Amino acid sequence: MGKQQETILIIGAGIAGLTTSRLLTNNGIPNIVFEASTPDRSQGFAISLQEFGYSALLAALGDLPLSSLIRGVAPDRKIGGSGWIDQALRDNRTGEVLVAPDLTTTKQTIVRANRNALRHWIVDCGEDELDVRYGHKLQRIEGKLGDVTAVFENNAKYKGSLIIAADGVNSTARSQILPNVVPEAIPLIHYHGEFQISHSAFDELIRPHSGHSNILVGVGDRFNTPLSICNITKSQVHLDWSYSRTVKGENDILYCPNVPSEEAKQIPPALLEELDTLSLAEPWKTFLNSESLKAHRVFHWTTRCVYITQDDARHAGEQGVVFVGDSWHAMPIFGGEGGNHALLDGVELANAIITSTESSGRGSWDNVAKNYYGGAWKRSQDAVRRSTQRFFLLHRPATEWKEISEKKKTLA
């Protein structure tokens, strides 16, 4: 039983949970990952990995080269691509480039990554298999730091020394341990669509506008329409789009922050009507219209943020729970840094555990939480605020985008 209680229990098999598990496993520290969903769950949209996130992960995995990550996760990896993006913002009503970095002097520091591929790549970065148990939805947590029990809805119970809450923005662990911490809904409309086209159609309809970039970002008058590659092969291209805008008054029919999960998969007629009035340029015009959406999988996304105080983090640690990922620093997807901070969380928490274990032969769990939060708390909470501000700036009026574009031209 003593050995079992030294096991670390990780709730959630997302990026943060798997990163932590992989690094602990590589260092011989027993851990189990519990995931509520089934192994075939799909979350195949792409995210932007920044240098501060992936460099820490590559170093922790034994100084792996960036090329290893790119070959494993880039949306265009199967056709020899590198996950490159041009970082340009285009007027989605004319196609004109409004803002773009000088790519002749800028090295690639951002890598687009397919989320499913990233999870698989992390899992495969070690000789020993990770112990991931699917179909385990957390019900409650019992005990205290050093001797804690996770109870699941399937009646399974597991004892461990520490629980790592990697169960996302709607974290069950957080809602029990810190019921006062409630995700904050941002007043924005956000719809996400997924679809597939043939590679030849992609070359005809999108490639002339995007070039080799894995994302084509369109900005309008307080609304955005990014079009992104999720996965590309020689025959098929899986893409997604987002339509996001600020809320229009108190009675905005499309603003439904508490919509039930099943209803969130339905396309409201008001969205179709709105898209048809946007006067979009190509290629957005071809895909974001009422007729095209009939063949797409469309989801309503509520953008939420999570803030946790240092006292909250300390209190949770005393009860045997440490947070990683969106469970304690959820931030906007478009313009956010969430995936990168999830990687850093996993790296920094694993390092705190490994260091503690090496110095004492077993985990000094008080020091683990203290050392981890010593750097991670400010880093991640600052990122939530920064990302939220950036999210609103990316939904600015068209007149402001024009002013920014003209100023850039003047300085060029």
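Positions of Cβ are set from backbone N, Cα and C atoms, glycine also.
Taken from Swiss-Prot, the feature signal peptide applies to 1-21.
If you look up Swiss-Prot, you'll see Glu35, Ala46, Arg119, Asp326, Gly339 marked as FAD binding site, on the strength of similarity to another entry. Arg119 (FAD binding site) falls within a helical segment according to DSSP.
In the three-state DSSP scheme, Asn92 (N-linked glycosylation site) is classed as coil. According to Swiss-Prot, the feature N-linked glycosylation site maps to Asn92 (among others), an assignment based on sequence analysis.
As annotated by Swiss-Prot, N-linked glycosylation site applies to Asn170 (among others). In sequence order, Pro183 constitute the residues six or more apart from Asn170 (N-linked glycosylation site) in its chain with CB-CB distances below 8 Å.
Residue density at Asn231 (N-linked glycosylation site): 20 other Cβ atoms are found within 10 A of its Cβ, drawing on all protein chains shown. Look at Swiss-Prot and you will find Asn231 (among others) tagged as N-linked glycosylation site, backed by sequence analysis.
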Quick note, Asp326 (FAD binding site): same-chain residues at least 6 apart with CB under 8 Å of its CB -> Gly14, Ala16, Gly168, Val169, Ser171, Val306, Gly338, Ala342
How would DSSP class Asn170 (N-linked glycosylation site) in three states? coil
Pairwise CA distance, Gly339 (FAD binding site) versus Asn231 (N-linked glycosylation site), rounded so that it is a whole Å: 18
Glu35, Ala46, Arg119, Asp326, Gly339 bind FAD per the record; greatest CA separation between any two, in Å, is 21
Going by DSSP, is Gly339 (FAD binding site) part of a helix, a strand, or coil? helix
Among Glu35, Arg119, Asn231, i.e. the recorded positions, the one with its Cα nearest that of Asn92 (N-linked glycosylation site) is Asn231
Who sits close to Ala46 (FAD binding site): which same-chain residues at least 6 apart have their Cβ under 8 Å from its Cβ? Pro75, Arg112, Ala113, Asn114, Arg115, Asn214, Ile215, Ser228, Ile229, Cys230, Asp240
